[in-house]
Amino acid sequence: MDWLEEAWRAAANKVARIAERIGTGFPHASVNGTYALEAPHWWTAGFWPGMLWQLYEGTGNGRFRVLAEGCEDRLDEVLHRYEKLDHDMGFMWTLTSIASYRLTGSENSRRRALQAANYLAGRFNLKGRYIRAWNPWSEGEDNSGIAIIDCCMNMPLLHWATKESGDPRYAHVAAAHMETVLDHFVRPDGSVYHIVQFDSATGERIQALGGQGYAPESAWSRGTAWAIYGLALSYHHTGQRRFLDAAKRVAHFFLSQLPEDSVPHWDFRLPPEATKYRDSSAGACAASGLLLIADQVGEREADSYRKAAERILESLYRNYGDWENPEQEGLILHGTGHYPEGKNVDVPLIYGDFFFVEGLARLRGTNTIFWQ
Ligand code: GLY
């Protein structure tokens, strides 16, 4: 892999450059070349510090650590004073406080991550055996029955809390939620639903919704990637074979749908007249999941997952990477945030950048992977 070290250096150099402006901000989507900064409660708040921690560990550049710690401090206002914390606490505190605790041993970070895990476990609906995704977006809205595929990636926070505290309740909640994912989200052909709505009083499934995908029965590619990686992580944390089997089934569907350059369109089931933008972030996230599957299967089987991930990451580096252009802060071009709402379409996305860097770190084999 002659490109790997070159790509790692290019990413580290670019992040060092854009860190001068972004500092301890919370970038989400790069619009017209500049990362828009979000409020710290937005679900994407962990990705910039998570990328800084990956690059700190891989380069030793202390500036990355200082900024990542600054982002984590800023998240305290969310942890302590924001009444609308939702299920994405896993994304947010895995890549900040767990990362910090594992790399520096900070007791304050450990306490923050345990607190976030308690909030997350508190969203479990016992009747439906799912973790509630969101809080009402508008006055009077009842979304207490909504669960979404993205939540697979929030489960590592719960497994970490069980390992750290010795209390199995967190892992029980995570396993129960992921069993619901197997029962209600993963289709027989390996594609997945984005949103499933349950009756929050009885636990009965009501319907599937299209969410960020094209339609309820389409196949949103980033949701597919969340499922691949989340299911592979569930196998890693529980040792339960059905999670690995499902991760492989979803991975096979994902790989079967890739175009020539190995970077997915934003949805795999678009009608001919629909605009076929790519979602590079789905490719980057799936690559990490494929590499984790490769680590968990026998060597002969592992090769095809590893090679598929390498193809995606190399294509992202060569065909989608923006390394020299001073007018662009994003690392990886052509992500699609929310096509149905027309938000952040065909732009760099911070989670695409994060998972690209994490994928490189996995291939280099020397870094801590914060979800594991
Ligand atoms: N979790 C929201 C998204 O993937 O866009």
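Glycine is no exception: its Cβ is also placed from the backbone N, Cα and C atoms.
Copied over from TrEMBL, here are the features:
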ACT_SITE  Asp88  active site, nucleophile
ACT_SITE  Asp150  active site, proton donor
BINDING   Asp88, Asp150, Arg222, Trp226  substrate binding site
**Asked** Sorted by position, what residues of the same chain at least six away from the residue listed as 'active site, nucleophile' have a C-beta under 8 A from it?
**Response** Trp43, Asp150, Asn154
**Message:** Can you give me the same-chain residues 6 or more apart in sequence from Trp226 (substrate binding site) with a CB-CB distance under 8 Å?
**Reply:** Ile149, Asp150, Cys152, Met153, Cys285
**Arg222 (substrate binding site), number of other Cβ atoms within 10 Å** = 29
**Item:** DSSP-derived class (H/G/I helix, E/B strand, else coil) of Asp88 (active site, nucleophile)
**Value:** coil
**Asked** How would DSSP class Trp226 (substrate binding site) in three states?
**Response** helix
**Asked** Among Asp88, Asp150, Arg222, Trp226, which the record lists as binding substrate, how far apart in Å are the two most distant Cα atoms?
**Response** 15
